[in-house]
Amino acid sequence: MNRQQGPIGVFDSGYGGLTVLKEIVKELPQYDYIYLGDNGRAPYGIRSFETVYHYTLECVQHLFRMGCHLVVLACNTASAKALRTIQQNDLPKIDPERRVLGIIRPTTEIVGNHTRSRQVGIFGTSGTVNSQSYPIEIEKFFPDVQVFQQACPMWVPLVENNEYNSEGADYFINKYIRQLLVQSGDIDTIVLGCTHYPLLADKIQEHLPPGITLLSQGELLAKSLAGYLRRHPEMQAKCSTGGGRTFYTTDDTETFDRQAGIFFGDSITSRHLAL
Ligand code: DGL
């Protein structure tokens, strides 16, 4: 690897982005990747705009220092609250040649191709839902699609605490599904707008009425990243190849390695990043 090249950085507030990285490495196995989970300061979903922005920017800068030219925010909350400011205000000052991409746009670009009823539901963290990022972005691509949102503040803690197969999970899945579907009986497509939620996908599907399509974001983002690199050969040339995968957590590495395997589907040995 020469200095002109570096790994692709993948960032999340904690474990959730590993569900995305798993799909990215399936689609683009040739590249080197650095994953950074800010477990020490997660969850982000309940924090203010300012806090999420500062935490995300700090982590992005760490990934740049580790040699990444391209960083993917595999976190909806960070994409909703920090991406635009980082792209518009910070990157021109830090290094206009580096890029940061988010997870919301690849989802909103295609969601209208999945719904026949033109009524779409979004499950997300309170931060993502309150930011209105999904309705605003979907309106740009599919102005005829109506968007209904439901914040699911208990789902991230259930997943983080390994309770995603418990009776408690059934209770809170059912609760938020009812709260979404009471807003409209015609929703036929639901976006799992938080990278932690794929671990609950089977249970969510069990509790949903038949005929509703659930969209997880990992594959969508992987395909969108592949398309981005095809359209930007200058960035592709800066992404080092060799199949390296390096994992950093801002919290305890032993706990991270134990939990992370469940999200990534493979065993992980992480390093600690002190902030
Ligand atoms: N994984 C993050 C997301 O996609 C949420 C987790 C958190 O609240 O930190 O929104």
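Glycine is no exception: its Cβ is also placed from the backbone N, Cα and C atoms.
Curation plays no part in TrEMBL annotations; they are all automatic predictions.
For reference, TrEMBL has these:
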- C75: active site, proton donor/acceptor (ACT_SITE)
- C194: active site, proton donor/acceptor (ACT_SITE)
- D12, S13, Y44, G45, N76, T77, T195, H196: substrate binding site (BINDING)
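Positions of the features from TrEMBL, shown on the structure.
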residue	record	Cβ contacts under 8 Å, 6 or more apart
D12	substrate binding site	L18, V20, Y35, L36, G37, D38, L73, A74, C75, A78, T195
S13	substrate binding site	G37, D38, N39, R41, A42, P43, Y44, G45, Y55, C75, T77, A78
N76	substrate binding site	I103, I104, G124, T125, T128, S133, G193, C194, T195, Q217
H196	substrate binding site	G14, Y15, G16, T19, W155, V156, V159, E160
Neighbour-count leader, CB within 10 A, active-site residues: C75, C194 | C75
Just how many other Cβ atoms lie inside 10 Å of the Cβ on G45 (substrate binding site)?
-> 29
Near the substrate site, what residues other than D12, S13, Y44, G45, N76, T77, T195, H196 in the same chain have a C-beta no further than 8 Å from the centroid of the listed C-beta atoms?
-> G14, G16, G17, A42, P43, C75, A78, T125, T128, V156, C194
In Å, how long is the longest CA to CA span across D12, S13, Y44, G45, N76, T77, T195, H196, which the record gives as the substrate binders?
-> 12
Report, as a single number, how many Cβ atoms besides its own are within 10 Å of the Cβ of Y44 (substrate binding site).
-> 26
Would you count the other C-beta atoms found within 10 angstroms of the C-beta of T77 (substrate binding site) for me?
-> 33
